[in-house]
Amino acid sequence: MARGDQWVSTKGSRRSYSGRNSTMLFRRLLVAVLVLILILGLVSIVQLVRGVPNPTYTPSLASSSTIPGTPPTVAWPSKAEAAAEIMGVGLLGQHGTIHETEIASVAKMTTALLTLKAHPISLGESGPKLTITNADYQIYLNDKNAGDSVGAIKPGEVLSEEQLLELLLIPSADNVATMLAQWDAGSVSRFVTEMNSYAQSLGLHHTHYGDPSGVTPSTLSTPSDQLKIEAQFMANPVLANIASMPQVTLPVCGTVYNVNYVLGHDNIVGAKTGSILTGNFAMATQIKLGQSQLLGLGTILDVGGVQPLTNALNDGKAMAKSLQSIPRQETVLRKGQVVGYLDVPGARPDPVVAAETVTEIGWPGLSESFTPTLVKSVYGLPAGAKVGTATLTVGEQLKIVPLKVANAVAHPSIVWRLTHF
């Protein structure tokens with residue numbers, strides 16, 4: 001070091017440099033905190049402004065079930081196949097070895113239905129009039145000579161549609177089935193095609209018609225298929241009325257009696273018999289339940305024995321008697337019953353309850369279904385407010401039931417909204 005040079009203290013300079021660093025660090029920390037506060041503020045605003053998810057619904061009632069208890073006992077035939085239902089309520093079941101079998105004159109229910117479909121008349125109306133031709137008379141003679149069930153007619157006789165249906169269904173006239181087929185479709189073959197198309201339209205995949213009277217062996221069906229035909233038949237007031245008549249008097253054939261001679265026994269009011277080698281009976285019986293009138297239906301096919309038709313009719317009587325005590329009023333849903341829960345974010349589950357009691361006709365073992373549909377927006381609903389509806393079915397019966405929330409449905413809290421992304 002030169003002689004004139006001197007040491008200069010840098011202690012103050014270090015203090016000055018350190019102070020500047022601290023100031024800069026503080027400023028940076030302050031900016032970071034402000035930025036963080038800004039970010040948190042923006043996130044909070046976004047969280048508070050954006051929509052919250054709707055509550056999820058958890059059902060507590062099964063979507064499908066059956067009425068609890070021991071299913072009722074139907075008096076099924078011992079040596080035949082059969083099916084039974086309470087019309088408009090539900091199927092009671094099937095019995096026996098189910099297979100396609102000859103149904104004979106039970107087929108005339110379909111002939112009558114298609115006749116009225118093409119030429120509708122109301123109860124009390126006689127409908128169009130037809131004049132018996134020589135060809136019609138020849139059909140009558142041929143069927144009579146063959147030993148078929150017939151209704152006596154003669155050329156020139158004038159019969160109304162209603163009278164022809166009476167001849168078809170009460171004495172079960174095969175010749176009249178042919179007449180109606182030709183009148184309706186122009187030929188028997190075209191009418192038979194219509195019969196089979198009608199069966200397919202009802203989903204009757206085990207039914208085949210070979211003729212309009214049921215006399216041919218190719219006219220086959222099953223009890224459950226014919227049960228659906230019988231329901232259509234008995235739902236028609238004109239046909240149900242004719243089927244309930246024990247006798248009718250007509251110009252040429254005079255007074256003829258219903259082949260279904262068990263009419264009136266065990267409230268039997270119809271519907272159609274059929275017999276060639278075996279006996280068949282589509283049975284309908286009235287059932288009183290409180291102030292309601294129900295209709296029990298049973299189809300019994302392929303009954304054997306020395307007197308197959310008599311056996312089939314007796315089987316029908318036993319079945320009709322057993323059906324009288326089966327339907328009853330069943331409470332399937334009670335007002336206030338919990339059917340599910342709303343899982344509200346950040347809160348305890350809120351019960352959803354039925355707004356009314358539902359009582360329908362049924363019996364133990366009858367199927368039920370419950371399908372709820374809730375409104376889209378439920379937040380802010382007060383306690384007891386309607387929150388949706390449920391479609392409730394009991395057998396074939398359908399009921400729309402209002403649903404309500406047991407408690408008020410509050411919006412999720414601010415804390416929940418800020419802490420759930």
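Even glycines carry a Cβ here, placed using N, Cα and C.
Any TrEMBL annotation is an automated prediction that lacks curation.
Lifted from TrEMBL, the feature list:
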type     : residues : note
DOMAIN   : 100-275  : domain 'Peptidase S11 D-alanyl-D-alanine carboxypeptidase A N-terminal'
ACT_SITE : S105     : active site, acyl-ester intermediate
ACT_SITE : K108     : active site, proton acceptor
ACT_SITE : S172     : active site
BINDING  : K272     : substrate binding site
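On the backbone, the CA of the residue listed as 'active site' and the CA of S105 (active site, acyl-ester intermediate) stand 7 Å apart. The secondary structure of K108 (active site, proton acceptor), as reduced to three states from DSSP, is helical. Listed in sequence order, the residues of the same chain lying 6 or more apart from K272 (substrate binding site) and placing their CB within less than 8 Å of its CB are S105, V106, K108, M109, L169, S172, E230, F233, A243, N260, F281, A282. A simple way to gauge crowding: the CB of the residue listed as 'active site, acyl-ester intermediate' has 28 other CB atoms within 10 angstroms, across all the protein chains here. When pLDDT values are averaged over the domain 'Peptidase S11 D-alanyl-D-alanine carboxypeptidase A N-terminal' (100-275), the model yields 98. Note on the residue listed as 'active site, proton acceptor': other Cβ atoms within 10 Å of its Cβ, all shown chains, come to 28.
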